[in-house]
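Asks: Got a structure here, written out as structure tokens. Questions coming.
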Amino acid sequence: MKSITKICCIGAGYVGGPTMSVIAKQCPEIQVTVVDINKDRIDQWNTNDLDTLPIYEPGLKEIVAERRGKNLFFSTEVDKAIDEAQMIFISVNTPTKTYGKGKGQAADLKFIELCARNIAKVAKDDKIVVEKSTLPVRTAQAIQNILDNTGNSVNFEILSNPEFLAEGTAIEDLIHADRVLIGGNDTPSGQAAKDALSAVYEHWLPKERILQTNVWSSELSKLVANAFLAQRVSSINTISALCEKTDANIQEISRAIGFDSRIGPKFLNASVGFGGSCFQKDILNLVYIARSYGLNEVADYWEQVIIANDYQKSRFAENIISSLYNTISGKKIIIYGWAFKKDTNDTRESAAIAVADALLEERAEIIVYDPKVSEERIYADLDYLNTRSPEENRRLLKVTNTPIEVTKEAHAIAILTEWDEFKTYDWKTIYEQMLKPAFVFDGRRLLDSATMETIGFNYYKIGQS
Ligand SMILES: NC(=O)c1ccc[n+]([C@@H]2O[C@H](COP(=O)([O-])OP(=O)(O)OC[C@H]3O[C@@H](n4cnc5c(N)ncnc54)[C@H](O)[C@@H]3O)[C@@H](O)[C@H]2O)c1
């Protein structure tokens with residue numbers, strides 16, 4: 001197989017944008033075109049003001065500044081980019097289905113199918129089609145069927161190349177990937193396709209870290225990796241509830257068990273619950289697949305990870321309500337952080353949404369501050385829940401960009417994202433201007449208990465009584 005000189009990526013989102021930027025940076029001789037049907041998103045990728053790129057990731061704007069217009073292009077001309085490329089990444093969203101069979105669990109593959117049909121319609125020469133999106137095991141078969149039955153008799157090789165980046169550290173994760181997984185057919189043309197994709201990554205990663213498997217193992221590995229990561233978070237979070245009842249300290253537990261080399265220290269931070277677009281969606285998908293094969297015990301086991309996560313969010317909200325004397329109606333509560341974690345503007349499945357919704361149900365007056373999330377996004381997240389009218393959401397919840405000033409006469413502050421800047425705030429001033437007793441509910445274990453208590457706060461830190 002000739003080496004790849006033109007890549008197209010369908011989907012300019014949290015995965016497509018950063019991944020292709022890094023490929024363009026590391027492979028200057030490859031022309032990379034990222035396409036999307038969302039014109040606004042593409043316009044934002046092409047903006048002169050790099051601070052308004054559609055996705056915030058540390059290190060991303062520097063790469064876009066360096067490569068855009070040279071070998072990195074953002075465009076809405078999907079057909080043209082497909083036609084020109086030898087290798088096409090599909091990086092579109094695969095949300096949980098909200099209708100029909102599998103509603104609430106299965107992955108909605110309509111965007112994937114549209115891409116496959118589009119590729120089939122446009123392609124006039126052989127293509128390697130790479131599944132970058134996270135997909136249920138055996139999706140490659142469906143893509144192959146569509147391509148083979150509707151295409152112009154050209155040869156398509158389907159590869160699975162799931163993305164393991166974490167938002168907030170996407171660029172670092174891509175440049176120093178622990179591993180890259182490439183699944184493909186064991187035929188000679190399948191092997192050639194796997195090698196062609198491997199050669200792209202070999203521009204910057206050692207070959208030992210590029211793992212080749214069959215397609216089905218690759219597809220399933222991505223779901224399993226996310227399930228294991230989320231399971232760790234839920235495991236430590238359930239223990240945080242026990243710590244709060246027993247005077248044990250979750251941080252000491254994490255440290256004690258993390259020293260066991262079989263367990264390891266990472267991903268053992270208790271928090272208000274995991275969020276993000278992937279963990280919940282991918283586990284639900286795993287649960288759905290297991291159940292569809294009649295493996296109910298397997299499905300129930302993994303479903304518990306989500307149940308524990310929901311419990312963590314609701315228990316945090318309930319603790320705020322009960323600590324504020326079981327009545328928060330009309331009380332001013334400040335939420336610090338709306339993003340699902342620090343260093344991203346992504347709010348999908350953020351714990352803040354569930355906590356805010358529970359507090360709004362009790363008619364609290366909420367003011368939200370997040371350094372990277374826009375007001376429109378915050379209201380859109382709440383409106384999407386359909387718990388109350390959009391007018392009611394806007395009446396009860398306000399968004400601010402003056403985080404210190406708004407704490408005047410506030411009853412409580414809830415920290416829901418671990419943004420570093422919260423650590424640097426003048427908490428003494430904040431305390432002085434709040435109503436007393438002044439409560440801080442730290443859902444990210446960000447602040448120092450002794451300091452906060454010395455200032456005078458009623459300070460609740462998850463996992464500590
Ligand atoms: N976000 C993450 O951290 C992450 C990490 C690993 C894997 N993934 C997986 O990667 C996939 C993409 O996730 P994302 O977060 O980048 O999603 P996203 O919603 O940010 O981006 C998807 C983009 O695809 C575009 N799109 C949809 N259908 C299209 C079509 N037919 N033609 C052209 N463009 C189309 C949308 O307009 C959108 O801009 C998902 O399967 C997700 O599970 C995400």
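All residue numbers here begin at 1 and follow the chain in the order shown.
A Cβ is built for glycine as well, from the same backbone N, Cα and C atoms used for every other residue.
According to TrEMBL, the NAD(+) binding site annotation covers 11-16, Asp36, Arg41, 92-96, 133-134, Glu167, 278-281, Arg348. The annotation active site, nucleophile is assigned in TrEMBL to Cys278. Annotation comment: TrEMBL describes 334-449 as domain 'UDP-glucose/GDP-mannose dehydrogenase C-terminal'.
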Asks: When you measure from the Cβ of Asp36 (NAD(+) binding site), how many other Cβ atoms are you left with inside 10 Å?
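Replies: There are 23 such Cβ atoms around Asp36 (NAD(+) binding site).
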Asks: Would you mind reading off the Cα separation of Glu167 (NAD(+) binding site) from the residue listed as 'active site, nucleophile', to the nearest angstrom?
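Replies: For Glu167 (NAD(+) binding site) versus the residue listed as 'active site, nucleophile', the Cα atoms are 10 Å apart.
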Asks: Going by DSSP assignments with H, G and I as helix and E and B as strand, what are the residue counts for the domain 'UDP-glucose/GDP-mannose dehydrogenase C-terminal' (334-449)?
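Replies: Breakdown, helix to coil: 45 helix, 19 strand, 52 coil.
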Asks: Applying a 10 Å Cβ distance cut-off over all chains shown, what neighbour count does Thr96 (NAD(+) binding site) have?
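Replies: Thr96 (NAD(+) binding site): 19 neighbouring Cβ atoms within 10 Å.
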Asks: Cα-Cα separation of Asn93 (NAD(+) binding site) and the residue listed as 'active site, nucleophile', in Å?
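Replies: About 10 Å separate the Cα atoms of these two residues.
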Asks: Rank the binding-site residues Asn93, Gln280 by how many other Cβ atoms lie within 10 Å of each Cβ and give me the one with the fewest.
Replies: Asn93
Asks: Round to the nearest Å and give the CA-to-CA distance linking Asp36 (NAD(+) binding site) with Cys278 (active site, nucleophile).
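Replies: So the Cα of Cys278 (active site, nucleophile) lies 20 Å away from that of Asp36 (NAD(+) binding site).
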Asks: Tell me the Cβ contacts of Gly11 (NAD(+) binding site) under 8 Å, same chain only and six or more apart in sequence, or just say none.
Replies: Val34, Asp36, Phe89, Ile90, Ser91, Val92, Asn93, Phe111, Lys132, Ser133
